[in-house]
Amino acid sequence: MGSRCALALAVLSALLCQVWSSGVFELKLQEFVNKKGLLGNRNCCRGGAGPPPCACRTFFRVCLKHYQASVSPEPPCTYGSAVTPVLGVDSFSLPDGGGADSAFSNPIRFPFGFTWPGTFSLIIEALHTDSPDDLATENPERLISRLATQRHLTVGEEWSQDLHSSGRTDLKYSYRFVCDEHYYGEGCSVFCRPRDDAFGHFTCGERGEKVCNPGWKGPYCTEPICLPGCDEQHGFCDKPGECKCRVGWQGRYCDECIRYPGCLHGTCQQPWQCNCQEGWGGLFCNQDLNYCTHHKPCKNGATCTNTGQGSYTCSCRPGYTGATCELGIDECDPSPCKNGGSCTDLENSYSCTCPPGFYGKICELSAMTCADGPCFNGGRCSDSPDGGYSCRCPVGYSGFNCEKKIDYCSSSPCSNGAKCVDLGDAYLCRCQAGFSGRHCDDNVDDCASSPCANGGTCRDGVNDFSCTCPPGYTGRNCSAPVSRCEHAPCHNGATCHERGHRYVCECARGYGGPNCQFLLPELPPGPAVVDLTEKLEGQGGPFPWVAVCAGVILVLMLLLGCAAVVVCVRLRLQKHRPPADPCRGETETMNNLANCQREKDISVSIIGATQIKNTNKKADFHGDHSADKNGFKARYPAVDYNLVQDLKGDDTAVRDAHSKRDTKCQPQGSSGEEKGTPTTLRGGEASERKRPDSGCSTSKDTKYQSVYVISEEKDECVIATEV
């Protein structure tokens, strides 16, 4: 379980390291020369046009950005930018580290948080300032010189030197890109940090590869290397140098099986076997069968054969002889080596050590010299002081005599199916379509030419690309617009027509709008009516707002005319009505009272909203001084009070009620001539002149009450109506 967790963490660490790469671009300003002390516009740095001396207080603006075929000095500086303080006047040199001015560090460092692309564009501007505190770079009049270049740069510790000359100025500088600690590879994208713990036991190579510590192996160096010779199947180890045996095996290397218990003269190929040795038999191999097996008389690996009881023969191996093969044969006995060569006896063979000047199996050949021209294919021959010679082979050949041609393609250096061509002293990879580079290991960016049109997103493949189109476009390159009528934008049975990059709806009769979503009013036929459908079909232009507005205005005019006719008819009917009592003739009432009645000292009192509650229960309004308590008295004893608004001017009961009301509600002191004429009382007088016996009572809430209560004179029920 622990090893699995360690492996998972190591894999996660490797994935994260592939995403977060780290390195730094370093630019070292070494020397700047302004020969005449002039600005780029040939003016004196102090602003005048006169002759020198002109002292140019020089500072630099550095802009590092991505590779551009035509370098633009304008921002943004995608990789970083820096502005130095004033570093000198006219011509000066810059030491490493920036010198005494702590505000400037030389070299200038631009850290990278992503893989180094290998190319960059660099802009270095030398500018003049009158004050060390004014380091603005936007004024072109301050420019002394400008360097704008693009370069290819590989990762490494070595500095790339460069010199920029612009006629009057020279700038000497150097640059490099180095990886941060624990980062390796061509783009500083390989992360490797040495460790020696439960998660790995390794160091890092030059390219960031993991180099396992002694005794460890595996992708993350988490697997211990067991004791050399330890059987891989039958042994294991928890730490380097161990060899622990599995069940059924034994020995230092766990390569010996454990025999069946009780086996005496037997062996095993698998645990718990008992395979009898020659000359022995039985279940436990404890029964003697022959002499050869028991006594092993034959020596030096000879084969013993039982020829009878107690007898045997030995079959000797080459190089041995004797009854039991105990004697070795001396192959050097006939002295096979010639020309003074020394012989060495071997098993069933011999070898000759030749003196200087001779060679061959038995030293029978004399050595050649450079005079014999032994070197082939243009090799250069050199005589050895002890005799013989040596050949120095040209490029593309090897061997003692330069007789072998080197095949540079034998190691298969080309990747991705590329064909290797041997050029004699080098090789060339012919890449398949979609790949480039020396070894054809770079996938060509098919999206570099921006093949996707109309804002489509390009995804690179192998010799191919794909486009993710924005809404409204389709096709391999997003160049084909989606049919505008595809989603049926026209409503109410309209017909959709495509007109370039838009659509036009041919509306059915009676509908209008860009999508025929409006129902048009039916207008009388005439020359002023415009057929919107024909207009849309003929012109294919925008929505005919003029025609729609004209139709709406015409309908409004018709409605206004009808309203005017109704008003005139009502006015004419009112003129022909006979004169009537103002109160009887007024049909509009509020709180069940005519406007004129609300200002009289009326015989009906309105109870305020806070004094009465709408209910269908009977209430006693006839106690002692009930009229005074409740503040109201019946006005129309014999009239249906729900029909107050329907009373006519010629109703006799209404006239009697009015006369009775006038009699009862007249204030004291009024003359008989004023009988039947409504009298208006002020709010204060009404409250002061209230009489208990009068049966009339006024209320301050008379005019603006939402509930009007009418009581029968001899009935306990209360009728309430709400206006």
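Note that Cβ sites are derived from N, Cα and C of the backbone, with glycine treated the same way.
Swiss-Prot lists CYS179-CYS188, CYS192-CYS204, CYS212-CYS221, CYS257-CYS268, CYS263-CYS274, CYS298-CYS314, CYS316-CYS325, CYS332-CYS343, CYS337-CYS352, CYS370-CYS381, CYS452-CYS467, CYS485-CYS496 (among others) with the feature disulfide bond. The domain 'EGF-like 1' annotation in Swiss-Prot covers 226-254. Per Swiss-Prot, the feature domain 'EGF-like 2' maps to 257-285; the stated evidence is sequence analysis. Among the features that Swiss-Prot reports, domain 'EGF-like 3' is placed at 292-325. Under the heading domain 'EGF-like 4', Swiss-Prot lists 332-363, citing sequence analysis as support. Annotated transmembrane segment per Swiss-Prot: 546-568, in sequence order, evidence recorded as sequence analysis. Swiss-Prot lists LYS613 with the feature ubiquitin cross-link, giving similarity to another entry as the kind of evidence. Feature annotation from Swiss-Prot assigns region 'Interaction with MAGI1' to 720-723; the stated evidence is similarity to another entry.
With DSSP states grouped into helix (H, G, I), strand (E, B) and coil, the domain 'EGF-like 1' (226-254) comes out at 0 helix, 6 strand, 23 coil. Neighbours of CYS485 (disulfide bond), defined as other CB atoms within 10 A of its CB across all chains, total 15. With a cut-off of 8 Å between CB atoms and residues at least 6 apart in sequence, the same chain places CYS458, PHE465, CYS467, THR468, CYS469, ASN477, CYS478 near CYS452 (disulfide bond), listed in sequence order. Fewest Cβ neighbours within 10 Å among the disulfide-bonded residues CYS204, CYS316, CYS332: that distinction goes to CYS332. Listed in sequence order, the disulfide-bonded residues near CYS314 (disulfide bond) (C-alpha within 10 Å of its C-alpha) are CYS325, out of CYS179, CYS257, CYS268, CYS274, CYS325.
Ranked by Cα separation from CYS316 (disulfide bond), the disulfide-bonded residues CYS204, CYS212, CYS337, CYS343 are led by CYS343.
Listed disulfide-bonded residues near CYS343 (disulfide bond): CYS337, CYS352 (candidates CYS212, CYS263, CYS325, CYS337, CYS352, CYS370; Cα-Cα distance within 10 Å).
If you compare Cα positions, CYS204 (disulfide bond) sits closest to CYS337 out of the disulfide-bonded residues CYS298, CYS337, CYS485. Only residues 6 or more beyond the boundaries of the domain 'EGF-like 3' (292-325), in the same chain, are considered here, and those with a CB under 8 A from a CB of the stretch are 277-280, 331, 347-348.
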